[in-house]
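Quick notes on the structure that follows.
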C-alpha cells in the first residue's frame, strides 16, 4: 500500500500500534485503491495519549512564548521544504487535485505555525491595572490538555490550525483526524518532533464515532475544538458542557453569495465558482446560495455554464486537473441524492448533475453542477450539500435579498459582489455571518479570524483571537499596605 504509515497513532513522540482497534482503510478517491490500513484507537490508546499530554504540558507551559514559538517556526520551515511530499499525501488522502493541495493545504498549515510562532510573545500578555496604592495585573494562562477533532476536507490544515495556537499558548493537544483522511496529521506530528517539540505535546490518534466521546468526556481534557457538521457539533458541545469544558465549534453552513447588477461579472462568476467547486465543493464556508440580481441573471448563467463546462476533471495527481472526486462513495451518493431532490422540486439544471465521462469507474466523481430558478424553500437551498452543487436564486432589491440571505439556521460565511462599496459595507453589516467577503470569496489567511454564528458554531480559528480560546485570564491583585479588617 503506497501510503502506509509506520503505525496508526503517534503518541509521546513515537508511532504506536494497537491492532485490537477497528480497522480503518484509507482509500484514494480517484481509483478506489486502498492506500493504507490503520486501526481506530482503543480505550487504552486514548488513555495513553491523554496521559502523555498531561505529563508533558506543565514543563512546556513554563517555557517562554518566544521559546515555544521558535519551535513552531522551525516546523513551518520543515513543512515548506517538504511541501511536495505533503501535498501528494494530501491528494491521495482526500482526492483533491495536486494543483490545489500544493498551494492551499500544507502551505496554509505552515503559515499557521509561522504566524503563531511569531505573534505569541507579543499576544500572550496581560494588563497592569493601577488601583491607587494597590495594583493588579492580568496574565493569559494555558488551559492544559486540549483535544482537536478534524474534518476530512482539509486534514493537514485543520491539524495545524488547531495545533499551532494550542501549542504556542502552552497547552498540549491530542488530535483525532477524520477516519476518511487519517494520514496527514501523522506527518505533522513527525515534523513537530523533528522541529524540537518535546514529546507528548502533540499526539495523533485515529478513531471513528466511538472515539470522540472517549476524548470529549475524559476528565483530564480541558478544551475541545471541533471542525465538523452541526449534528456532531451539538453532541460534542453538549458533552463538553456537562463538565464545563472550553469549546470551539467550526461547523457547517449554507452561506449566501450576493451578486448585484453592477458587479464585475467575470469576478463575480469566479467568486461563485471558487465558493462552490473548489475542493470539489467540500468547503464549509462555501457560498452555495448564489443570489443574482434579476437584471443580470441570464448573462450570469450563460457565462457561468461556459466556464463550468471548461473545468478540467481527471486524475488528481495530474497538475492539469482542476476538479477531483468526492472524498468517499458515501459522500458522493449523498450529493447525488441532493441533485435528485433539486430536479424533483423544480429547479432548472443548467449544467452537470452526472458522472464525468473521462474518469475511472471506481472513482467517486461528480460533475460540477449548477441549478437555476431555485427558490428558498427547496431542499437544496436549505440544507448543506457539501459537494460541487451551486444554487442560483433571483432577487430584485437589497432589502429583499438581505432578509432572504439571513433566513437560515446557519451563519458561517457570506459574500457580496458590487461596484458600490458603500452598499457593500452596508450589506455586510446586516448579514448574519461570522466571516464575510466583499468582491472576493473564500480567502482565509491566518492573520484574520475565521468562524461562524448561529448554528455554524462559536469561537474563532486563526489570528490573535484564536489564542483567547486556548487560554484563560488570570487576575492577580497586589496589596501594598496593611490589611484593614473590621474584626
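Cβ atoms are placed via backbone N, Cα and C, with glycine included.
A 10 Å cutoff on Cβ-Cβ distances gives residue 162 (active site, charge relay system) a total of 29 other Cβ atoms nearby, all chains included. According to Swiss-Prot, the feature active site, charge relay system maps to 162 (among others), an assignment based on sequence analysis.
DSSP assigns residue 250 (active site, proton acceptor) to a strand. Around residue 250 (active site, proton acceptor), the same-chain residues six or more apart in sequence whose CB sits under 8 Å from its CB are 225, 226, 227, 228, 284, 450, 451, 452, 456, 457, 459, 461, listed in sequence order. What Swiss-Prot lists as active site, proton acceptor is 250.
When Cβ atoms from all protein chains are considered, those within 10 Å of residue 284 (active site, nucleophile) total 24, not counting its own. Feature annotation from Swiss-Prot assigns active site, nucleophile to 284.
For 461 (among others), the entry in Swiss-Prot reads active site, charge relay system.
Under the three-state DSSP scheme, residue 93 (K(+) 1 binding site) falls in the helix class. Applying an 8 A CB threshold to same-chain residues 6+ apart, the list for residue 93 (K(+) 1 binding site) reads 3, 26, 35, 155, 181, 182, 183, 184. Sequence annotations record features per position, and here Swiss-Prot assigns K(+) 1 binding site to 26, 27, 93 based on sequence analysis.
Summarising the annotation, Swiss-Prot assigns NAD(+) binding site to 150, 151, 152, 176, 177, 178, 179, 229, 230, 231, 232, 252, 284, 384 and lists sequence analysis as the type of evidence. DSSP gives residue 152 (NAD(+) binding site) a coil state; it is part of no helix or strand.
Under the heading K(+) 2 binding site, Swiss-Prot lists 244, 454, 457.
What Swiss-Prot records for 284 is cysteine sulfenic acid (-SOH), and it gives sequence analysis as the kind of evidence. When secondary structure is read from DSSP and collapsed to three states, residue 284 (active site, nucleophile) falls in the coil class.
For residue 177 (NAD(+) binding site) paired with residue 27 (K(+) 1 binding site), the C-alpha to C-alpha distance reads 15 Å. Of all Cβ atoms in the protein chains displayed, 8 besides its own lie within 10 Å of the Cβ of residue 244 (K(+) 2 binding site).
In this structure the C-alpha atoms belonging to residue 27 (K(+) 1 binding site) and residue 179 (NAD(+) binding site) are separated by 10 Å.
The number of other Cβ atoms within 10 Å of the Cβ belonging to residue 230 (NAD(+) binding site), over all protein chains shown, comes to 18. Counted within 10 Å of its Cβ, the other Cβ atoms near residue 177 (NAD(+) binding site) come to 26, all protein chains included. Here residue 244 (K(+) 2 binding site) is positioned 18 angstrom away from residue 232 (NAD(+) binding site), judged by their C-alpha atoms.
In sequence order, 158, 159, 162, 175, 176, 177, 178, 181, 185, 227 make up the list of same-chain residues 6 or more apart from residue 150 (NAD(+) binding site) whose Cβ falls under 8 Å from its Cβ. Considering other CB atoms within 10 Å as the measure, the emptiest surroundings among the recorded positions 179, 461 are those of 179.
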